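Chemist: Before I ask anything, here is the structure I am working with.
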Amino acid sequence: MAREYSLLNTRNIGIMAHIDAGKTTTTERILFHTGKIHKIGETHEGASQMDWMAQEQERGITITSAATTAFWKNTRFNIIDTPGHVDFTVEVERSLRVLDGAVAVLDGQSGVEPQTETVWRQATNYRVPRIVFVNKMDKTGADFIYSVKTIGDRLGAKAAPIQLPIGAEENFTGIIDLVEMKAYEFDGKPEENYKEIEIPSNLLEQAKELRAHLVEVAVEYDEELLMKFLDGGEISISELKSAIRKGVINADFFPVLAGSAFKNKGVKLLLDAVVDYLPSPIDIPSIKGILPTGEEVERHASDTEPFSALAFKVMTDPFVGKLTFFRVYSGILTKGSYILNSTKQQKERVGRILQMHANNRTEIEEVYSGDIAAAVGLKNTTTGDTLCDEKHEIILESMVFPEPVIQLALEPKTKADQEKMSIALSKLAEEDPTFRTYTDDETGQTIIAGMGELHLDIIVDRMKREFNVATNVGAPQVSYRETIKLPGKAEGKYIKQSGGRGSYGHVVIEFEPNKDKGFEWVDKITGGRVSKEYINSARVGLENALRNGVIAGYPMIDVKATIVDGSMHEVDSNEMAYKIAASMALKEAARKMNPVVLEPIMNVEVTVPDEYYGDVMGNISSKRGMIEGSEQRGNAQTIKSKVPLTEMFGYATELRSFTQGRGNYTMIFSHYAEAPKAIADEIIKKSGK
């Protein structure tokens, strides 16, 4: 099967936004215009195509990033719809990793909102080129110029309009294209037909000023054009488009468009802008990877290069089982072929290859460089794994996911639910790298941990709906951590003699703080005093021991361990003995190393009308919060702070009550910090250690 669309005519794009900016509605309109759906589904009616999970349709928010393929003006779009709620930031993170460009959707009344800032930061980390669509221009209070200003003020990004809306609120009727200096009026019908009109005289001067500014900004990205501009030459439309495109692909300049997806205004022009300005797979830098020799190499977006891809999402499908979504960076993959999961060093067979449209699927024979598809039959592949040609091994840069910050206990309602619950939890954990599940050694309870209360609510809900498992849920609890503040050295010696063959394990380990670097293991044993096999066992034993800290039983983080000495017994040494010896060394050294309890600190942003500003400031301070600043947003104030998570339970209700429902907040994990002594003592006391 030959490639239908060239790499130049391929766009891998994401749609990203704050919750309620109209992102899913915008995606729906895109799918309608690109011929993928025949009846538009409205999010507020629970009929949206991309929001295909039952929970998403009930709550009207997008939880998992559904991938779909669509076509526009001889260009193939692979579109990923991403969630706007902070608890699902991991979905955004993994989508951005495999995309070439994105459309950031803003609310025309609010401009840049807190979650927009979070998603924008993530996109900047991955240098994803973006265009901005200011949506809801029909909404009361919509202000296009204000929204554009917030991009510079709040995101520090260089943005300029390439359109100017004609009218606003209920009088929003069309736009002026500032690149071509033409005006268009929309008919507001689902087909979104528009006709060219004269530029309204009351907007002509403003349009000319904005175009002059656009030209000034754009020519900076093309040296020849800049010289021509400085010499007073006229910049043609095609030259201007080319310069804008260069700035966008550089992830340095962000053109802004206007519209109202719900009212069928401006989405077709947005599609044209995706084709004109966002990059194809060959416009962006080639992906880098590591060869088995340790050498760094590039893989170019080309069908003739060896196959390489990144698995970015795993889902359990009720009909076909485990689906692995992947982005092909180079080469071609044919169904039925064998590939290597180089991350796990395991061979995998690709049973079927599916092209996805939300939760519908089309089976295809092969996928090409630059494509996004889903595979059936990959048994051992998880999110972030590299898939490649067996004869041309490479490991691509993986994804880093935040640690869960909130946990709760889960109990099956009946004996029949017990077995189903463990199957359901393992499948859900396989899908979502920020969701963890484990059994508490002391209580025997099943614990689930995630990024927020909504995240865990939806996990419990999915267990009930998809796996038919009924559970009793405990109150949410904070996931504390432990660490050490001083270095220490200890010996762990495990000797057990019981009749015949005994057990012998002996290690000497030096420990030291390893702030913000996680666990690190260094082997400094010389002369073969302990074999590599037993050194590895000691490492495994130590990692297991670190899962249950020494003062309150919470996982210990940021510890560097160097094994410096030890010994073996020619008959009695075994792997288990070295695992136990390493954990004994940790317990022995722990008290000397000033172990402390760490608590999660959250970035909290509260937006309230001016009259509640003082109340909120006082309230945050009473929660051990550190105020970092505030800014005026219209007639409201946004207060930025860092607050311990333990103080934030039930905050939504609290904020609602003292602002009469007029305040809102967002909360995102920032870092772990040492808990004050009084708090730590309370945590240790509760743990019963």
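Backbone N, Cα and C atoms are what each Cβ position is placed from, and that goes for glycine too.
Pasting the relevant annotations from Swiss-Prot:
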- 8-282: domain 'tr-type G' (DOMAIN)
- 17-24, 81-85, 135-138: GTP binding site (BINDING)
Chemist: Can you count the other CB atoms that lie within 10 A of the CB of MET137 (GTP binding site)?
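Modeler: Its Cβ has 27 other Cβ atoms within 10 Å.
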Chemist: Name the secondary structure element type, per DSSP in three states, that contains MET137 (GTP binding site).
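Modeler: In the DSSP reduction, MET137 (GTP binding site) maps to coil.
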Chemist: Just to be sure I understand the packing, how many Cβ atoms besides its own are within 10 Å of the Cβ of ALA17 (GTP binding site)?
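Modeler: Its Cβ has 29 other Cβ atoms within 10 Å.
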